[in-house]
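K.L.:
Before we start, here is the structure in question, set down as structure tokens.
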Amino acid sequence: MGDQTVPAKGNVLGSLIPARYILAVLGSIAMAIIYGLKVNLSVAMVAMLNHSALAHNAASAVGANEQHHQVNAEPVCQGSNSTEAVEDGPFIWSEPVQGIILSCYFWGYLVSQVPGARVAESFSARWVMFFSVLINVVCTLLTPVAAKMHYVAMIVMRIGEGIGGGVTFPAMHVMLASWAPPNERSVMSAIVYAGTALGTVISMLMAGVLAGTLGWESVFYVMGGLSCLWMVLWLWLIQDTPTKQALISQEERDLITTSLGTGAASAHNEPKPPVPWRKVFTSAPFYGILIAHMCNNWGWYMLLIELPFYMKQVLQFNIKENAVVTAIPFLTMWFFSMALSKTLDALRSRGKITTTIARKTATFIASAVPMGCLLALCYIGCQRGLAVALMTIGITAIGGMFCGLLSNHIDIAPNYAGTLMAITNTAATLSGIIVPIFVGQITHGNQTIGAWRVIFFVTIALYVVEIVAYLLLASGEEQPWNKGDKPASSIEAAEAEATPLNTKESKQNYNGQDQ
């Protein structure tokens, strides 16, 4: 943590794009890669499965319960695609097995986050991100071989991807805490984390086209291979902090360090204080983020992982239509998140709203709108056009979480942003594990609108919990325990000692920011 400042040299690229936004763009691409390599299996699996054999098995399993299903649930939709030939692959994996293969990603994701966050905060978030992508690329390239061996080998590959993917959010939070000026925090966070939506769009479209033309194996070989280019750019252009970055102008470095108050601390080589665990777990704003993150992730993973199966099994879209229809909403989500974050940051910089109001507004949009769309989806039956419109609106609105609750950790405790993100994202990851298994059990031998209605109502209830908890508990203010367990007097003395001599310039810089 005590590295010396590297002389700022600037570069041609930096003259076009500030170094902090090069970080944001490459961070966004990294998130796109991680999410793209995660969700490609949701689309590819539609082409990997032998639907004829599965339908025969399901018909046999349903035989004893056929009367029950006819009374309590509507059948699948009878659209123009219902008479098309079933697109069969080589694997006969039942719904529960499919649920395990999809959810086991989160087993690895669950265990790696807190250790990854501590490594990123204590050593290097840059290297943590690099190895995260590397692990995902290797496991993706090995997926076709593993699938042909046994579904257990597939599970191992998915767990490996999860271990790599689990450290991305905490590591990027550490990077943003060091690089994002407070009055640009919403925009930079949205750029980075909206990469998850962009990666989903690209992955679903590519996976659908590749699986439908070159075969399901090409999904993993092509997408894994293309991701290698990012690793070269990341090591060349990115450093952990502005003081370590040579490819930056001195003006930009001063802007960032002055706004964050990190210049003097870096000069004194002061290590970050240990995490004040007791104060973290007795903090109301922290619990606001935690509850909202858990509930929001349920809806996020419901739409991210299960949407392709709903489109295929209930609305009867074929593989290529399925990929397009499920990808479009994530593209609109990307545009919406950019517009919303820019609007909220502009209002904050003008003093029209506080950070707290900005975070609550974005999070409310990200939960209330999809909740309403899911409620409507429960009652429109087989109106495919209306269903696509509702899902597009709902998924688009979820983009508010990038400049809402997902940015909130940095607001309340920038010194521990990675650790806080790791804690809340670990808890929220339980949704990623439960959702595929839950959906698999509900829909096993029962791919009907009625079964999916139950799934949607559970999601709606969790959105209500999220809205109430976040509006009551969340805050955008830095918490006192961000300085660790030091007494207030020692904190004030340290801040006074770190105050720059040029107080007029510092004051001007500070007054231009939100907090």
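Cβ atoms here come from the backbone N, Cα and C positions, even for glycine.
Got these off TrEMBL a minute ago, pasting:
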{"type": "COMPBIAS", "residues": "500-515", "note": "compositional bias 'Polar residues'"}
{"type": "DOMAIN", "residues": "28-478", "note": "domain 'Major facilitator superfamily (MFS) profile'"}
{"type": "REGION", "residues": "479-515", "note": "region 'Disordered'"}
{"type": "TRANSMEM", "residues": "20-37", "note": "transmembrane segment"}
{"type": "TRANSMEM", "residues": "127-147", "note": "transmembrane segment"}
{"type": "TRANSMEM", "residues": "159-179", "note": "transmembrane segment"}
{"type": "TRANSMEM", "residues": "191-212", "note": "transmembrane segment"}
{"type": "TRANSMEM", "residues": "218-238", "note": "transmembrane segment"}
{"type": "TRANSMEM", "residues": "284-303", "note": "transmembrane segment"}
{"type": "TRANSMEM", "residues": "323-340", "note": "transmembrane segment"}
{"type": "TRANSMEM", "residues": "361-380", "note": "transmembrane segment"}
{"type": "TRANSMEM", "residues": "386-406", "note": "transmembrane segment"}
{"type": "TRANSMEM", "residues": "418-439", "note": "transmembrane segment"}
{"type": "TRANSMEM", "residues": "451-473", "note": "transmembrane segment"}
K.L.:
By a Cβ-Cβ criterion of under 8 Å, what residues six or more beyond either terminus of the transmembrane segment (451-473) are in contact with it?
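P.N.:
Contacts with the transmembrane segment (451-473): 73, 284-285, 287-289, 291-292, 294-296, 298-299, 302, 306, 310, 314, 360, 363-364, 367-368, 370-371, 374-375, 377-378, 405, 438-439, 442-443.
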K.L.:
Given the cut-off of 8 Å on Cβ pairs that are 6 or more apart in sequence, determine whether the transmembrane segment (191-212) and the transmembrane segment (323-340) share at least 3 such pairs.
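P.N.:
Yes, the stretches contact each other.
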K.L.:
Test the contact criterion for the transmembrane segment (20-37) and the transmembrane segment (418-439): 3 or more CB pairs under 8 Å, pairs 6 or more apart in sequence, then answer yes or no.
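P.N.:
Answer no: the transmembrane segment (20-37) and the transmembrane segment (418-439) share fewer than 3 Cβ pairs below 8 Å.
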K.L.:
Counting CB pairs under 8 Å, which listed stretch among 127-147, 159-179, 323-340, 361-380, 386-406 touches the transmembrane segment (418-439) the most?
P.N.:
159-179
K.L.:
Let me spell it out: take the transmembrane segment (361-380), skip the flanking residues so only those 6+ beyond its ends count, and list any with a Cβ under 8 Å from a Cβ in it.
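P.N.:
The answer is 186, 292, 295-296, 299, 303, 340-341, 344, 353, 386-387, 390-391, 393-405, 453, 456-457, 459-460, 463-464, 466-467, 470-471, 474.
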K.L.:
Find the member of 127-147, 159-179, 323-340, 386-406 that has more C-beta pairs under 8 Å to the transmembrane segment (218-238) than any other listed stretch.
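P.N.:
Highest pair count goes to 127-147.
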K.L.:
Which listed stretch (159-179, 323-340, 386-406) has the most C-beta pairs under 8 A with the transmembrane segment (127-147)?
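P.N.:
Selected stretch: 159-179, with the most Cβ pairs under 8 Å.
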K.L.:
State the mean pLDDT for the domain 'Major facilitator superfamily (MFS) profile' (28-478).
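P.N.:
Overall, the domain 'Major facilitator superfamily (MFS) profile' (28-478) comes to a mean pLDDT of 84.
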